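In what follows, a structure is listed as structure tokens, so that the remarks can point back to it.
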Amino acid sequence: MISLDLNFNILTRDLSHYLENQVKVGLFGSGVGLSLVLGFSAAYTCYYLISVAKKPQLISGGKKFYHFLREQCPVVSETYYPTFWCWESRIQTLLRPFVTAKPGVIYRNELIKAADGGQISLDWFDNDDSLSHPDPATRPTVLLLPGLTGTSRESYILHMVQQSRDLGYRCVVFNNRGVSGETLLTPRTYCAANTEDLETVLEHIQRAYEAAPLMAAGVSMGGMMLANYLGRKGRETCLKGVVVFSAGWDVFECTASLEKPLDRFLFNSYLTSCLQASVHRHRPVLEKCYDIDHVMKARTIREFDERFTSIMFGYPTNDDYYRDASPVHRLKSVQVPMLCLNAADDVFSPSHAIPVEAVKQNPNLAMLITHHGGHIGFLEGLWPRQSTYMDRVFKQFAKAVIEQSNQLKDLS
């Protein structure tokens, strides 16, 4: 018994001495630990620099627009360095709303009437302190269109307002019906295919500031709506230029991608619930025309559109709606300069559905494709609070369109 106790005490003493020394040294103080950390860091850095950080691909249907972008928007030729700790598509998409700052913006809200008796909410940032454009009558205006369930309070919208403020421009955000707190007066909301409300907004802006140059930026579904509008109107528009971010070009491909198990869990179900929440808020006016109980049982965006959106806008089938909502079919008719930014890893707009060939056929179009960036992500820098790659593209293109518009008059 004495021998056993003695052996146990010796073992305990030796073990305590070993652990004490190891804790003092620590992982980074030990030769093996430090080598492992340095080796992993070097391997990760090499992988990041070789496979992650890449120059974007710029495609245009005409040499004039291509060279204009390279000269006036240097960001299109620069290597995009995604935030090294969250460059993966889904992580970029999920984290962007939480890590990017929300600049303080005070809007002036305006409600305008639509032809059907409904109302549209516009949030203006007048930028009356603009030094470069002190005259409100001629101060350039940028129209901003948020995504599917977005409003003027989305971080990506606030960032574009901030960039416009720095340039001395005025901004106005077009909130889709029923999403920004206003009362829904008629049983109608919105969709990517219908551009009537957008046309009403543009006419209103043009009447208010006839002498001010006007351009627009659309994000996700807002970009789809803009592209569809330009495809329908051709040259009959007051817009000097358009920039589109993370648009879904083929709705069939977009919905199919979002119905894959992981993406359905991460994105599809959540967006469907957001759409249903908006319907529920306006149930008293909508239930007069639609089976809201059936709509509230939808589990995917496709089911929601089958039970609500396609019916609201009079399509025989949901496939008819998706076909009409897909901007890819109207790109050939766009007649004003339009720059489109998509990430090749965007699960909302899969790379095989990015309309590269259609862009090549129209001198008014340019497509900028980054290797990474996710959906409305484009995070860059160690801690991407203040600015994203998308913000830089917006600022440089907006300035180029407004201040160098004479170079964009004839791109053919």
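Cβ atoms are placed via backbone N, Cα and C, with glycine included.
Here is what TrEMBL records for this protein:
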- S220: active site, charge relay system (ACT_SITE)
- D346: active site, charge relay system (ACT_SITE)
- H375: active site, charge relay system (ACT_SITE)
- 140-381: domain 'AB hydrolase-1' (DOMAIN)
- Cα distance, D346 (active site, charge relay system) to S220 (active site, charge relay system), nearest Å? 11
- Message: Return only the integer: C-alpha distance in Å from H375 (active site, charge relay system) to D346 (active site, charge relay system).
- Response: 5
- Note on the structure: Note: among active-site residues S220, D346, least Cβ-dense neighbourhood at 10 Å is S220
- Query: the domain 'AB hydrolase-1' (140-381): mean pLDDT?
  - Reply: 97
- What count of other C-beta atoms do you get within 10 angstroms of the C-beta of H375 (active site, charge relay system), across all chains shown? 26
